[in-house]
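*Asks:* My questions all concern the structure below.
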């Protein structure tokens, strides 16, 4: 891994509502350690010297963003989010193109509700992929025994976990290649769950970079409680 890391753009799709949290606001605006989850997710990028700029995709009627201190940071640009994650990311990429970003610029897409990204993992991703022809993503090898089930919840088989990884973020790809993959997949009405799946559909093979397992995405209330306890123990 090189000591000289590449410059990059960051994209944070933050237009979702996080219904599984059953909270009074989108999960990215819930509190964690005195700040919102979204502020923590943005912070690792804003503190990085390689950041060229950051685009956050937000719901049109988002009432929470303007109250955040980072909403006035000149390095952050806001765009309208889409109905799905892929649309939100595509809107951000179109905005970067309009601002003069080049097709071969690196773009890192990170979940708005993944607040515990470490600087070491970010630097590892940048260093390992800076010369990669495709790009890739942080990921973690599956640890638990995995079962494939039928529609009734009955086990069909045990899956070989040595071949299974959990996809995390950031996911790092060239701006032009990711833009084409997302745009074409939307036209083809292909189900895209993350940026890597769009690149896979386009015929590419993203590289997995092993990261920390505590870079978890807040999806359920117990995820947030786990992070709160962990952060409290750091004090």
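Just so it is clear, glycine is given a Cβ too, placed from its N, Cα and C backbone atoms.
Sharing the record's features from Swiss-Prot:
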{"type": "SITE", "residues": "20", "note": "site 'Transition state stabilizer'"}
{"type": "SITE", "residues": "27", "note": "site 'Transition state stabilizer'"}
{"type": "SITE", "residues": "161", "note": "site 'Positions MEP for the nucleophilic attack'"}
{"type": "SITE", "residues": "217", "note": "site 'Positions MEP for the nucleophilic attack'"}
*Asks:* When you tally the Cβ atoms that lie within 10 Å of each candidate's Cβ, which of the recorded sites (27, 161, 217) has the highest tally?
*Replies:* 27
*Asks:* For residue 217 (site 'Positions MEP for the nucleophilic attack'), what is the secondary structure by DSSP, using just helix, strand and coil?
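*Replies:* Going by the DSSP assignment, residue 217 (site 'Positions MEP for the nucleophilic attack') belongs to neither helix nor strand, so it counts as coil.
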*Asks:* Per DSSP, residue 161 (site 'Positions MEP for the nucleophilic attack') is which: helix, strand or coil?
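*Replies:* Looking at the DSSP assignment, residue 161 (site 'Positions MEP for the nucleophilic attack') belongs to a helix.
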